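Here the structure comes first, spelled out in structure tokens, and everything after it is commentary.
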Amino acid sequence: MTNIRKTHPLLKPINHALIDLPTPSNISTWWNLGSLLGTCLIMQILTGLFLAMHYSSDTTTAFSSIAHICRDVNYGWTIRHLHANGASMFFMCLYLHIGRNLYYGSYSYLETWNTGVMLLLTVMATAFMGYVLPWGQMSFWGATVITNLLSAIPYIGTDLVEWIWGGFSIEKATLTRFFTLHFIAPFIILALVLTHLLFLHETGSNNPLGISSNSDKIPFHPYHTIKDILGLLIMILTTLALTLLHPDLLGDPNNYTPANPLNTPPHIKPEWYFLFAYTILRSTPSKLGGVLTLICSILVLVIIPMTHTAKQRSLTFRPISQCLFWILTADLLILTWIGGQPMDPPFTTIGLLASILYFTTILILTPTAGLIENNLMKW
């Protein structure tokens, strides 16, 4: 008798995607991050749904509604901090996932890679809008600074900013539309995730060697599901430890002060996961130049497949490119650190040098290293 999961119209696609999926036998723990990101997304949707039941998207009551959630709602403080720290875990997994794809050359699956970049941009936009909702000092001023960047666009910039604000400054209309968009965005992300998986399952997964694995594949369940559960437990324990022991570790103390348009914080900064892009933005002297470099810092991922010059796909046997990959990783950590510092020497100089190194490594040094390695291999 045929198993129902292989014949039922609803269960058959799930079976092909999660149970009987032919998977390379040699993929490492770095391939766990996709399932971790899926778990993070589900957790964010569920906690966000419960928060939305009690949140008020009005400038006069938004801050107090967050206080009400934490004080009066059963386990409201847990849900709120799970949502905030869950976002941090989401970005941690997201950046590790991108790093793994860069290291092992998975960007050569163009459709999967490009939908992944679209996902990254959508998740970043969603997180930014979510950061505005508590209506604390950093929420208000962060939103003011970032949305104001659009005014650098020639001709239409000022009109565009006022259209996004729904007025001449950030006010009730802005908060309402940010809440609406923040609520709907995870479902758009969910649709993009399905597209991402659809393209991935068209080609099959890459592997650490970067070679075809058609001759050696195993079913996803039980082998890789067991491996994924270990990563899942580690992530859940880390998130719970962060939420229950140090809930405000990754937040900003200024957000415990209600938004005040008349009092500017001494140092405006976004959440830690945007700091690298924020450093690149403020290291550029002109406003329009800063906006362009900010956009390019993310969209540079789209052109990485075009800059691949090596004959080998993965970095596993390419020592020069490996060194450059870890230099890029260290550079991103430096950019993140500088983003949290005030705009004073020597931080401005370090930020400028790190920003230049970021683009140079991706666009010039890595393609050059690929050509050198081809010559060393006599290819």
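Using N, Cα and C of the backbone, Cβ positions are placed for all residues, glycine too.
Features of the protein shown, as given by Swiss-Prot:
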BINDING   H83, H182  heme b b562 binding site
BINDING   H97, H196  heme b b566 binding site
BINDING   H201  ubiquinone binding site
TRANSMEM  33-53  transmembrane segment
TRANSMEM  77-98  transmembrane segment
TRANSMEM  113-133  transmembrane segment
TRANSMEM  178-198  transmembrane segment
TRANSMEM  226-246  transmembrane segment
TRANSMEM  288-308  transmembrane segment
TRANSMEM  320-340  transmembrane segment
TRANSMEM  347-367  transmembrane segment
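For the binding-site residues shown (H83, H97, H182, H196, H201), fewest C-beta neighbours within 10 angstroms: H201. Put simply, the residue listed as 'ubiquinone binding site' is 17 Å from H97 (heme b b566 binding site) when counted between their Cα atoms.
Contact check: the transmembrane segment (347-367) against the transmembrane segment (226-246) gives fewer than three Cβ pairs closer than 8 Å, residues 6 or more apart, which falls short of the contact criterion.
Between the C-alpha atoms of H182 (heme b b562 binding site) and H196 (heme b b566 binding site), the distance comes to 21 Å. Each of 77-98, 113-133, 178-198, 226-246 was scored by its Cβ pairs under 8 Å to the transmembrane segment (33-53), and the highest score goes to 77-98. In this structure the alpha carbons, written CA, of the residue listed as 'ubiquinone binding site' and H83 (heme b b562 binding site) are 30 Å apart.
Rounded to a whole number, the distance between the Cα atoms of H83 (heme b b562 binding site) and H196 (heme b b566 binding site) is 24 Å. The stretch in 77-98, 113-133, 178-198 that contributes the largest number of Cβ pairs under 8 Å to the transmembrane segment (226-246) is 77-98. Only residues 6 or more beyond the boundaries of the transmembrane segment (178-198), in the same chain, are considered here, and those with a CB under 8 A from a CB of the stretch are 17, 38, 41, 44-45, 48, 52, 55, 57, 112, 115-116, 118-119, 122-123, 125-126, 129-130, 132-133, 143.
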